[in-house]
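Here is what Swiss-Prot says about this protein:
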BINDING   THR10, PHE11, HIS18, GLY89, LEU90, ARG91, GLU99, ASN124, SER125, PHE126, ILE127, SER128, SER129, THR130  ATP binding site
BINDING   THR10, LYS42, LEU74, ARG88  substrate binding site
SITE      HIS18  site 'Transition state stabilizer'
Amino acid sequence: MHTRALYPGTFDPITNGHADLIERASQLFSHVIVAIASNPSKKPLFTLEERVEMIKKVTADLPNVEVVGFTGLLADFADEQNATILIRGLRAVSDFEYEFQLANMNRRLNPKLESVFLTPAEENSFISSTLVKEVALHRGAVSGFCHPVVEQALRDRLGKKN
């Protein structure tokens, strides 16, 4: 069975937690689309194009993973991509309530779309893009939290030694 799954997010930047979920999803589904939301209201550190390129490099060894940017409603984009599975990561119980509401809204907007929740590996359970950026901003080491490509991009963008 050919199942197209969509893993959406802002990924500003992609972390080891995201990369772990992408790799595991690529083993569960025949095709995984990493859908990077434009979302200018979040004021991202990296442009959409930069995030797409970073994630393409991080996932280069996963042949069934495609990386694309998108704008608009996720439910509509999933329909355009013929995706029937929406992958979401749950780091803690605190994530569940919001994700539950989001899953119900997406199902209402696109009845063919089923949400599948994956939990991160224990060593990644506390990592978030926001925390990685904060550590990098204060010259902390981020190598344990993100791919070397991302670490270098953070150094280049923030102009500091991490």
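Each residue, glycine too, has its Cβ placed from N, Cα and C.
Keep in mind the model is a prediction, meaning the values are calculated, not measured.
Known features from Swiss-Prot, placed on the structure.
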| residue | record | DSSP class |
| --- | --- | --- |
| THR10 | ATP binding site | coil |
| HIS18 | ATP binding site | helix |
| LYS42 | substrate binding site | helix |
| LEU74 | substrate binding site | helix |
| ARG88 | substrate binding site | strand |
| GLU99 | ATP binding site | helix |
| SER125 | ATP binding site | coil |
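Considering only the binding-site residues GLU99, ILE127, SER129, the residues lying within 10 A of ARG88 (substrate binding site) on a C-alpha to C-alpha basis are GLU99.
On the backbone, the CA of LEU90 (ATP binding site) and the CA of LEU74 (substrate binding site) stand 18 Å apart. Counted over every protein chain shown, other Cβ atoms within 10 Å are most numerous around HIS18 among the binding-site residues HIS18, LYS42, ARG88.
Counting only same-chain residues at least 6 apart in sequence, those with a Cβ under 8 Å from the Cβ of ILE127 (ATP binding site) are THR15, ASN16, GLY17, PRO120, PHE145. The binding-site residues in question are LEU74, LEU90, and the one with the fewest Cβ neighbours inside 10 Å is LEU90.
Among the residues the record lists as binding substrate, namely THR10, LYS42, LEU74, ARG88, the two farthest apart have Cα atoms separated by 19 Å. The most crowded of the binding-site residues listed here (THR10, SER125, SER129) is SER129, judged by how many other CB atoms sit within 10 Å of its own CB.
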